[in-house]
Amino acid sequence: MAEPMADQMGAALGLIRRALSVPLSMRVTLAAFAGSLVIGLMLIGLLGVPLGAAARVAAAGAFGDMRAISDTLVFMTPRLLVALGALVAIRGGMFNLGGEGQLQMGAIGAMLPFLAFGDIGVALLPLAILSGAICGGIWATIPALLKLWRGADEVIVTLLMNFIAIFFLKYLVQGPMQPVGSNFNMSAQLPSAGTLPLLIEGTRLHLGVVLALVVAFGVWVMLQHTAFGLALRASGASPGFVRLQGQSAGRMIVSSMAISGMIGGLAGAFEVLGVQYRLIDGFSAGLGFEGLAVAFLAGLEPMGAVVVSLYFGAINSATLSLQSQLSIPSALAEILSGLPIILLAVISGVLLAKGRPVWTSTR
Amino acid sequence: MDFDAVTIALFLAAGVRLCLPVALAALGEAVSERAGVFTIGLEGLMLFGAVASAVGLAMTGSPLMALVIGTGGGAAAAFVLALGTVLARANQIVMGIGFNLLAIGATSLIRQLVLTNAPPTGSLRTVTMMKLPWLADLPVVGRAFFSQSPVFYLAVVIAVLLWAMLRYSRLGLVLRAVGENAAATDAAGLPVLPIRMGAAVFTGVMAGLGGATLCIVASGGTFVDNMTAGRGYLAIAIAIFARWKPVRVMLVAFVLGLLEALQFQGQYLGIQIATPLLMAAPFVVALIAWIAIGRAGAAPADLGRPFLRGELR
Amino acid sequence: MSAPIIKCDHVSKRYPNGFLALENVTVDLYPGEIHALLGENGAGKSTLMNILYGVHEPTGGGLLLNGREVRHTRPGDAIANGIGMVHQHFKLVMPFTVAENLALVAKGAARARLRRHADVRTFMAEFGIELDPGAVLGDLPLALQQRVEILKALVNESRILLLDEPSTILAPSEVGALYDTLRRIRDRGTAVAVVTHNVDEVLANADRYTVLRRGRTVGTGHIAGADADALVELIVGRSVATGSRIGPYRTGGEPRLVLAGVSIRPGRGSPGLSNVDLELRAGEVVGVAGVEGNGQTELFELLAGQRLPDQGRITLPKAVALVPQDRHHEGLSLDLPVSQNLLYSEIMRRRYRRAGLLDHAAIGNRAEAMIEAADIRTRSHATPARALSGGNQQKIVLARAMAEDAPVIAVYQPTRGLDVAAAEAVLARLAEAADRGTTVVMISSNIEELIRVSDRIVVLNGGRVTGEVSGAGMVIEKIGPLMTRAVAPGKEGVAHG
């Protein structure tokens, strides 16, 4: 009597387990998102807004029409790029908290060709993109070199360098880059040849969005389909293994940081070239840290980063609609951005303590 | 270039005023880092302290109570944060970044729901200015250091007490041991996790007071969204630059405050450096100092490492 | 000697994985004695220490403190019952001063007693130790750090002091001073238990001994009247019954790897190497025997090209294939699939690429063939290495090393943690490699398998080569003493059979 019961129970459990046989990291991430959405809904409910109406407005705001979709994608782009940069570094074993600074330097770099050569036509845009990437890359290589040369912990170095970059940009737009006679903290406007073209008239959708997706694909190819990517992942996850294979961990650190910074630099460059059309003080407002959160929520996978940053973009454009139509404070966006990463970190910590690591700082 | 005593005194006084919120938070960060907990969420803790103080001011009308409530808000937020970083062993950096994002949104929401836009009525003078008898009448230093917010005197006292605690007391010894070698401290039969929880909550007390000071003392009692604007990260840098020594934290913060004051009073002093470069200078100096220290095991060895008995490999 | 202060009474310990580490072990510790716990690796010495100190709980039997049954479920219980422990890897706060480290562990009355530096000096003087209480631990040499670790164990008036392999990290000249200190502690009525594998050290310094072998007590008695040869035999056992010789004895060809007068400074928990001469020839298996922590790690790192000797010369061939001791951190990248673990070195040598990208199909095919040949049990070549059993993981490491076709292959504890069948397979692969002309260096603490597969065996003890045996001369009766007797510089025994 008892045994068939137990058998059936066992079979049922087995079925459930197979149905849930998505990787642990995926389940944890889904749980984190589900948990934060529930909390978000509870907040909206507490504000006395009918949930149905809120959901409709939010969906329309994020994906309702071409404009909404393009807003979502434009919000997505810098977060995706910073996340891609962060995950390349972290998978290579460097805890790069410098996304914010690399983004600032990328933005500055994007202005340099125009300031140096003036309006030189079609060559200006590719030069600007390249220059942004290079500036971000150089900025990110510094902490890697300092780590090798002096053993300086990259977490603190990148954190400090964020502020140096922010103030440097502020200095530029208040001084050398400020047009004569202007009192605003911004540079002169780029000529239209030097900006990322809009893809659909009447929206903000610019070419940078597509380029960011291309970069995501490129990072995936690099990590999964090249020997360099294999070495990068191996050296971040198992430095001892790589050392025994006679490879230099130092070279991997430098090259992963350089690539990371170039991608982070693109994030800033695209904001300047596709959204602002000039260098403006304070244009980023914490994008660097949001990108880092995206990277971790994506399980440090480039394709996952596309999905997660799309969520972040949608949250941002949805809350704009919620605010204008239902007077729900747009602060909801930050809450819904912060919550999943907190939940993810806590769940992972508890699992780690139980001996089942979901991810580690370097994997 | 001629400047009189009054200009100098005002300049020094401005430095003190500007550095105060950051200095308080940095004192807190120094303590939690000494115990091995890297509180990246300091920025968020300051925000919670600031909004709690604004709510407190609106409710009680007393600036003093507002500071107390702000401090409590920071402590409560830090307790929640530490549940994640200390007890649940969440990655301290990832957790802190998420916490800061959340804090920006949550405090803004609280402002919109609880606070009205009307500026606070009533005088804040009890917390903004307290002339110390006799000392305040001294030339230059009287106006610079002894005609300040009582919170400043409190901060100096706390810094000295922390210094003595870390250097001379058993609590300080245990706190440092937890940060340097949690496993050895555990082997000595001392409770690692409760000590870290305590240190983390103390950080919240200081960050909360810092945020409250920013809101009540420095900004006339009005909470503005994201009003800390990176001061939490700055405080972390100060704590590290000051090598986690409380008195040095105060001095570094003060120098930083002076650099900030230059942008307002530089012209009177005849100094012509662009303000943003002045603002960046402390970070550059901190970076150079950090590099100069190198790999000499400068930071507490177990900083940022969650503690687990039996150590996972 | 009246009654034992603590008695391990018929203690057994079976670990959750089923391994029986201790079986019915009884050891008495008396006040005022130095009691040596002797045994090879895996004999159960450390498990016994950990049971006394409350790190592990016994699964059978118990502890009697002054005749009364006690349970130690955590170190705090043991400390409260007057037990102090000196760990092989010190539990010290390196940036703290001597005085601060002592103050950290001091409880109640002891804390008051150590308030000032002068008090600390007095306390240390009781044990004949002179140290600056204000000295920072990290600045002290290892031997002095060990003194502080000992003092730390004594701060709370311990009546029982446990030391785990205290002499391995010390130079031979420092061992005497260690025992001077231990004797002073003993003379105060403390029971001192020392884990070691060194017979001469025990004969010179201990009062009584207990020998453990494979989790059982095989002998106990007073040192007075004990005989070195008899002790060695107790430790390593007499004849080797298990397993027969794998293949014939080979004679090496031309020299491929030469160490000449190589020395490496002592480091944490290790004596380093001193003045090691070694010549490895083509087509032979050279076993390196020794109790763990006697310089093996340094030797492997030298062979791996990961460090250079502090003194002397090493001539390496252009490639050395490696099978490291730590499978999980050095042998494999656990999250990579089996295929990429197998072919990692080849991929890095610009093979398996197509249009600059990895040719996953070719990698998969080649990996399948290797999996087949090496009999690796895995669901597919795309499974992460983490998911495989220890034996199959080791087969991956070995298969990769073999595929490199390097003139020399260095393996370090290649069968540790493997079941019998997997271990046999590993040994057979190594013998085949030597038959093909490869030079095989096998560092292991398992003497039996060394004898079965090696053509000659050199013994490392205290960072020195204490002797070499070859051919039919490779018997445990000759190797045992080389591993467990004191190192006499310049008087290295060489036995040939």
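Even glycines carry a Cβ here, placed using N, Cα and C.
According to TrEMBL, the feature transmembrane segment maps to A:31-53 (among others). Beyond its flanks by at least six residues, the transmembrane segment (A:31-53) meets 297, 311, 326, 328, 332, 335-336, 339-341, 343-344, 347 of its own chain at Cβ-Cβ distances under 8 Å.
The transmembrane segment annotation in TrEMBL covers A:73-94 (among others). Remote same-chain residues near the transmembrane segment (A:73-94) are listed as 102-103, 136, 140, 143-144, 147, 154, 204-206, 208-209, 212-213, 215-216, 219, 222-223, 232-233, 235-237, 239, 249, 252-253, 255-257, 259-264, 266-268, 270-271, 274-275, 284, 287-288, 290-292, 294-295, 298, 300-302, 305-306, 308-310, 312-314, 316-317, 361-363 (criterion: CB distance under 8 Å, separation of at least six residues from the stretch ends).
The transmembrane segment annotation in TrEMBL covers A:114-142 (among others). Beyond the transmembrane segment (A:114-142), the same-chain residues lying 6 or more positions past its ends with a Cβ under 8 Å from any Cβ of the stretch are 85, 89, 96, 98, 101-103, 105-108, 157-158, 161, 165, 177, 187, 190-191, 193-196, 211, 254, 257-270, 272-273.
If one looks beyond the transmembrane segment (A:154-173) by at least 6 residues along the same chain, the residues whose Cβ comes under 8 Å of a Cβ in the stretch are 94-98, 100-102, 104-105, 107-108, 139-140, 142-144, 146-147, 185-187, 279-282, 288. TrEMBL lists A:154-173 (among others) with the feature transmembrane segment.
Residues or ranges marked as transmembrane segment by TrEMBL: A:205-232 (among others).
According to TrEMBL, the feature transmembrane segment maps to A:253-273 (among others). Outside the transmembrane segment (A:253-273), and at least 6 residues removed from its termini, the chain residues within Cβ reach (under 8 Å) are 77-78, 81-82, 84-86, 88-89, 91-94, 96, 98-99, 102-111, 125, 128-129, 131-141, 143-145, 147-148, 190, 194-196, 206, 208, 211-212, 215, 219, 222, 228, 232, 235-236, 279, 283-284, 287-288, 291.
What TrEMBL records for A:293-314 (among others) is transmembrane segment. Remote same-chain partners of the transmembrane segment (A:293-314), defined as residues 6 or more beyond its termini with a Cβ less than 8 Å from a stretch Cβ, comprise 25-26, 29, 32-33, 62-63, 71-77, 79-80, 82-84, 86-87, 90-91, 213, 216-217, 219-220, 223, 337-338, 340-341, 344-345, 359, 363.
Under the heading transmembrane segment, TrEMBL lists A:335-353 (among others).
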Chain residues outside the transmembrane segment (A:335-353) and at least six past its termini with a C-beta under 8 angstroms from it: 24, 28-29, 31-33, 35-37, 39-40, 43, 290, 293, 296-297, 312, 315, 319, 359-360
